[in-house]
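Colleague: Quick one: structure below, then a few questions.
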Amino acid sequence: MAEEVLITAPGKITSHLTSSLLAVAFLTSFGSSMLYGFNLAVVNSPAGYIKDFYNRTIVSRNGTGLNQEALTLMYSLTVSVFAVGGLVGSLMVGILVTRFGRKGTVLNSTVLVFIAGSLMGFSRICNSPEMVIFGRFITGIHSGIALSVVPMYLGEIAPKNLRGFLGLMPSIFICVGVFTAQILGLHELLGKEDYWPLFLALVVIPTFIQLMLLPWFPESPRYLLIEKHNVHATITALKWYRAKCNIQAEIEEMQEEQRSLSSVRTVSVWHLLLDSSVRWQVLSVVVINIGMQLSGIDAIWFYTNDIFENAGIPHPQIQYTTVGTGAIEVVAGLIGCFTIEHLGRRPLIIGGFGFMGVCCAGITLSLVLQAHVSIMRYVSVACVVGIIAGFCIGPAGVPFLVTAELFKQSHRPAAYTVGGALNWMSNFTVGFVFPFLQMSAGAYCYLVFAAVCLAVATYVFFIIPETKNKTFMEISQMFASKEAIMESQGVGISDQLRLRKMNGYGTLENGSVEYDSSMSCP
């Protein structure tokens, strides 16, 4: 396996990227996260063929076809039911990861993909539009689970100096999934009428590869120690992921967190929302997850073809231009992944949202002026590319990573449930409201998204600290200090100290940490 684990100073640990860490990041992202991006884009290319299939089926059943409004509604249900399934899946995350573990939840949820792939793949043979719609719903449930569990799993197995790099791997594969669906949807490949059921069912291939290989890798060491109290399995997993056996500092850090949570069980969503000791973390998760969807990225994807058409791009060439935007997504995601450990989380998320806000305002300006200034058509294209690049370089993945970093083991599942549910509800809201907003406000609708982006960037700048290269305990202490300062004018010193130790968040009492040296390598 790859490289060693180095103790750089007492209690400080720096790890190199090992082949085991890279393999798990690839398998979970390829077999789970990528499917989310693929399912976002897979229905765009065969939309006309799917509508024709729906209409022919209704004619064969009832003798008469659907009118245009009913057909559009039925297709819209096919698209939007994916987000409904995602919301359902996100609400199940807390229960699943507590019962089955992080890796166990990833593996057990693969059954949903095989069911969904079978339904969509055989829908035309069975003359059943319902199979397509139900299949989309089930893939949504899987994506709702995967979007939370995969970053949680990778964040817990990664050493602190690689947590950002591995934490953004899922967002890269989401972009790869979109790009793959755009390429395969070209008319020269699977964009023909005969192939659309196969196109929808391709999701089973990466999931099958994941199912064959991921069971050979260990569960999250933090889950094994803090929730299952299995020290032997924890050390075995750490040796696997760190390649060498000098893991004492990391064991001690996890045992320190375990002691702080000794009287705290895994909390529910309701208790998380009522827990004043983590209110700033919860508020931060709410802001960045809602902002991620209300940034307008979904509206941009919805409106991309129209903007390209207005810019004078010939209609047959628009599909290739759209593929080009997919390539930009992948490149931007790679830039974010390879720079996050150098720049930190804050610059990527502040810069990403800030740049998106400027570009959203630029789209409004270009759409208003393009009838009078011809060059504005190309400015609108540049702004679309800028929004997509700004989103993928930071806001696309950093919120999921930050959700893992802001909470300790007892609160993390509930935090992901809250963040995931808000993400999917915001996704559905934008998809439902945007057409009406566009009709009422026209080009000025993008100013709403610009305001949201700039507001989120401002919040992150003032409230969320940099979490790069910090342990979960250090991050929780930073928020405990913020909470103590904000409360200092209303409580006494003894109350502040008690606040710092609520539910294990904040400064810990000094105590020795026992480490079983017999479990280490000679």
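Quick reminder: no glycine exception, Cβ is built from N, Cα and C everywhere.
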Colleague: According to TrEMBL, transmembrane segment applies to one of these ranges: 105-125, 231-251. Which one is it?
Modeller: 105-125
Colleague: Please figure out which one of 73-98, 105-125, 131-153, 282-303, 443-464 racks up the most CB pairs under 8 Å against the transmembrane segment (414-437).
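Modeller: The stretch with the most close Cβ contacts to the transmembrane segment (414-437) is 282-303.
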Colleague: Do at least three CB pairs under 8 A connect the transmembrane segment (21-43) and the transmembrane segment (165-184), leaving out pairs fewer than 6 apart in sequence?
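Modeller: Yes, the transmembrane segment (165-184) and the transmembrane segment (21-43) are in contact.
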Colleague: Mean pLDDT for the domain 'Major facilitator superfamily (MFS) profile' (25-468), rounded to an integer?
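Modeller: When the pLDDT values over the domain 'Major facilitator superfamily (MFS) profile' (25-468) are averaged, the result is 86.
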